[in-house]
Amino acid sequence: MVFGDLNERPLKKRRFFVDEEDTHPPSSEAAPVTTNLDTSTISSAGPEGSDVRQQQLNGAVPFPNVKESSRESPGLGPEDKQDNLLKEDEENNGTVDYEILNHSPSIHAQQDQRVDQGLTNGFGGQPSGERTVSETQAFQSSGGFDTSTFASIIGEHLSPESLEKIRKASGDDLERAVNIYFDGSWKSSNNSLSQPLVAPHQQTLSNPCTPVNESISQTVNTKISKKPNQAPSSRCLSQSSRYIGAFGVGAWATRSGVGLLKHGEHVNVERARSQPVSKRGRGGKLITNQKGDVLTRFTNKSGQEIGRLPRETAEWVSTLIDQKICRFEGICVFAPDRVRVNDTIYLQLWCYLRKEAFLPRNLWNMGDDNRSTAFFEEQESAEEKQLRLRQVALVKLFDEIGLQPTTVNDMTKKHKKEGLLRAAEIAEQYDKTKREGKSNESSEDEESPELEEDQLDTLYKKAQSFDFNMPEAQPPPSFVLNLRKYQRQALHWMLAKEKDKKSGRELSMHPLWEEYTWPTKDVDDKDLPAVEGQAHFYVNPYSGELSLDFPAQEQHCLGGILADEMGLGKTIEMLSLIHSHRNVSPSRQGPSSSTELVRMPSSSSAILPAPNTTLVVAPTSLLSQWESEAMKASEQGTMKVLMYYGVDKSTNLQELCSAGNPAAPNIIITSYGVVLSESRQLAMFNSNTQGGLFSVDFFRVILDEAHVIKNRRSKTARACYELRATHRWVLTGTPIVNRLEDLFSLVRFLQVEPWNNFSFWKTFITVPFESKDYVRALNVVQTVLEPLVLRRTKTMKTPEGEPLVPLPRRTIDIVEVELSEQEREIYDYIFTRAKRTFNDNIEAGTLLKSFSTIFAQILRLRQTCCHPILTRNKTIVADEEDAAATADAANELKDDMDLQELIDRFSASMENADTAEAQDPSAKFTTHALRQIQTESSGECPICSEEPMIDPAVTACWHSACKKCLEDYIRHQTDKGVPPRCFSCRAPVTSRDIFQVIRHQSPSSTPTETDLYSSTPASSPHPAPRISLRRIHPLSPSAHTSAKIHALINHLNRVPANTKSVVFSQFTSFLDLIGAQLTKAGISYVRLDGTMPQKARAEVLAEFNRTETFHQEEIDEDEGPDTPRVRISSKNSRSSPKSPAVLLISLRAGGVGLNLTAASNVFMMDPWWSFAIEAQAIDRVHRMGQLRDVSVTRFIVKDSIEGRMLRVQERKMNIAGSLGLRVGGDGSEDEKRKERIEELKLLFE
């Protein structure tokens, strides 16, 4: 028989065709169902009793009156029937192409497959092994197809050839023939049906991996790509499918009739899915917007739909069929003689694992196994959902047929099934919530709960149970620094981790995999054919993979997490490891683990080893620090360091780092941004970057400040996963920032099996945690941490009671700042508006939906506490700046003027006059007045008669008086409604034209307690300090100071000489304002923030640290026996007058990693929600190498939201449950919302 091509058949017509089954016709495919059967229906009809029939369903009693020909060799599928099938198809002239597809076939491929299935089975609905040639001929010559009726329905008379084509395609079914006509498939060409019939299950494969024909081989090569170093089998099943078990199911009828289905009759299973609506998301990822159809139908031998499988069973059976994992043969156990809609029909389904299930999947296109589960992700892609469904389907199938593993990991045995199903349930529930549009209200609740401070302590407990008797290791002579005892112990631990060869001692099964034995008897207790060399198969329930090869765990993690608290010298410890463990052999130690993560696609060019090179990846701000530390710690000529950043990226690393190159660098330093950039290029061009980071296999890779990759879904983290190295290390003071998933990303980078599989992680950590089984979850996390992490804190004490690191004392003071009257008015206005919004949302019940609006107003309040100008429109501020500059240019006055410059200007104007008569009298008076101010001989105040004047101030006409007297005088005249005039010359004056006399501290004198605005002369033998005139009410908005800036400068003026300070703020615009005021105050400073390129950052740090602010004698006095040697040249023994005294730095750019021990004063200008972030910044100064006591000042505005933020911090830190295992937001969703509302109420009290 020759049929038309069905490639163009509309989706809505697909219900008449079997879905992409290649080994059996629709008649031999059935989907499984649950064993929760309603046996009361069985007892009411049929000759057998309910007990016997239930035993038949469970496989205990064989079914009577079932043709033995249908299951002579169930273990091999339908191979035993191939002779009859071949004869039938030869007589029918049927042809077929067999194609192995991936689990996401195209529509055309699905339709082709349906035609193939129909050809293979004659469209009769009966198993091919039971149909004889005579039956087939009789079926084809049936007179049931009425051509006149068909023509009257379609309204057209067709040619005999077309009628014959449609009649054969429909199997003499008039209804199906009408559908075939209207969908137009009968007009398509039949080129795809021109090959002789070769069904895969009818071949005896001499080579298990050899395709049965040319088309199969081509399809496999083009549609299934082998994952590099993948554990799944390199062998294939020697037949198309193999029996693994059977189970019973209670289906339901969708039509009524008499004699539709009989006991013992074979049934067909059809998967008729509606195509889900999909679209391409970011990065080309396919996003499914509609829930897929899981309808699974069964038909009788005539092709009539009898009923459907219940949804709870069809959900996973459809997955196994669609993804070509299993096929099912169904037998009717019981059906009423007269079937009515919704009647229960009992079936027994025989399950066979298909050959395609053991083929490697193209995981690169669908995302790797860790990414693909998309736990708590915004949207689940189609590929990610397929993996989740595959996992659940396999677990439920094996549970249904009672198939138990013969070998399983002890750790996974107890909670595997519950964990996997619960993880899938959570993901499905989250997907449902997103579809229903509830994300706005509970988006943050859907995130995994945050860990409280006490929980983090619990997690770190084992890692921090440091053995002070641990052996020590001495670095080689090439390392010139002296290590403290705890650092030498760390070096011994790291060397032990890197040189551990435990994986080579014994061949053990990978912990993610389970071993199963192929059944030797079927459900009727009949022997199944044995296959030589294939007694077992292996399943990875966490990735859904199957294998016939033993999945060995070839290598475990040769690295770890160095999690010493900030400031304990992790960089120095790691440099000592680089010196101590170098690769002496140029040859590598074999290939990477077969179970390692999915690699990016690579070109034909080999990835070359770099056996002598360590790659260091660090934040941009730390690159120069790593370079300088590496050179300082190494004997000259023993360490070659390459900065791989910016223009230096032109280096070809494959050539430079090759084993035979004596100039190969020992250390390559690069940034996370460079890794991400080259990763994008690699993915974009589908090939290795020429000589880039991904073209070599490093000896060691180190991630500094590794909490940068805490988000496993971030592009930076995924790029770092792809770096190749024998040894992998992460350095971070905070392995867990606030969620358990933070640790997973580090574990995945380290390739710690089995924990680097996110499905496994979810099953044994996330799911128990979500289910409030905190003890089990956190115990497991401690088990993960213990062998991987070495963590010491500055608070640890030795057995002798001495501190682990003898650091100088650190004091933290909170200074309350009073806002000025104008600042308080602005703050109160914004606070009132924010509180009104808060109350309105409380009354409307929409508080959590308006989080972004409320937090935006909270941000404005915090900015007001720093400086009111931060809350204003930038365009308006810029216009006001221009207007102020224009006004100053008109009257030749500025907001801030140097007194000596004014005297010089007016003196020059008089000297340039030709004659004494030509000289301007006002200029002469001004010069005289300014000189009096300079020499402090201006006399008594003309208003209060105080002598000398208190805080002298001058008007624009250069007459002097006390500042307070002058301001009161102008205010008094203004209140009387009289235009203010100068008390001396009666010239018009305004409050904006009053200039305060500012006497700056001498740069070489010791500051006193003098206030910023005090004019009291400093008694000093040094030259007179600089004096400036500063407008009390500046015209320029940015020239206005604020209460916090005022307090900061007061504190800086009281800082002892030769002492440096670091000022942190999270607002870079606030740093701009602070910098302007420091310039006016004559305080030198440098600045570092995230907008600066790497070279500029390095220059700033070098300038700030270039001069030690203390004498060599001071170092010698303070240096203890365990203090690392520091080298200070004699030329830097004393401060340079031009050395910057202050470093302005943003909290984000400088909060981690930097070494700022040159300073001993820290000023935190604004609080952060978590004090841990502030503590990280403080530890940049209070760390190993600091020789002075550290003073920390936190500025908090009194009676403001900043004070309430501190209370929220304290409240969170003080909340603790039993056993220290309470999580933030613990409890129901309502309880979580109540907590958030309470915190907001606390902010708006």
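Numbers here mean position along the shown chain, with the first residue as 1.
Using N, Cα and C of the backbone, Cβ positions are placed for all residues, glycine too.
From a predicted model like this one, the values you see are computed outputs, not experimental measurements.
All protein chains considered, the CB of Gly569 (ATP binding site) has 23 other CB atoms within 10 Å. Annotation note: Gly569 (ATP binding site) sits in a coil segment as assigned by DSSP. Swiss-Prot lists Asp564, Glu565, Met566, Gly567, Leu568, Gly569, Lys570, Thr571 with the feature ATP binding site.
Residues annotated as compositional bias 'Polar residues' in Swiss-Prot: 33-44 (among others).
As annotated by Swiss-Prot, compositional bias 'Polar residues' applies to 129-145 (among others).
Taken from Swiss-Prot, the feature compositional bias 'Acidic residues' applies to 442-454.
What Swiss-Prot records for 999-1013 (among others) is compositional bias 'Polar residues'.
Swiss-Prot lists 551-753 with the feature domain 'Helicase ATP-binding', giving sequence analysis as the kind of evidence.
For 1047-1227, the entry in Swiss-Prot reads domain 'Helicase C-terminal', with the evidence type sequence analysis.
The feature region 'Disordered' is assigned by Swiss-Prot to 1-85 (among others).
Annotated region 'Disordered' per Swiss-Prot: 117-145 (among others), in sequence order.
The feature region 'Disordered' is assigned by Swiss-Prot to 430-454 (among others).
Here Swiss-Prot flags 999-1024 (among others) as region 'Disordered'.
Under the heading region 'Disordered', Swiss-Prot lists 1110-1138 (among others).
Per Swiss-Prot, motif 'DEAH box' is recorded for 704-707. Outside the motif 'DEAH box' (704-707), and at least 6 residues removed from its termini, the chain residues within Cβ reach (under 8 Å) are 561, 570-571, 616-619, 622, 626, 730-732, 734-735, 737, 742, 746, 749, 1152-1153.
The Cβ of Met566 has fewer other Cβ atoms within 10 Å than any other of the binding-site residues Met566, Leu568. A Cβ within 8 Å of the Cβ centre of Asp564, Glu565, Met566, Gly567, Leu568, Gly569, Lys570, Thr571, the residues given for ATP, is found for these other residues of the same chain: Glu573, Gly733, Arg1183, Met1184. Listed binding-site residues: Asp564, Glu565. The one with the lowest count of other Cβ atoms within 10 Å of its Cβ is Glu565. By neighbour count, meaning other C-beta atoms within 10 Å, the densest spot among the binding-site residues Gly567, Lys570, Thr571 is Lys570. Summarised by DSSP class, the composition of the motif 'DEAH box' (704-707) is 2 helix, 1 strand, 1 coil. Taken residue by residue with DSSP, Asp564 (ATP binding site) is part of neither helix nor strand, so it is coil.
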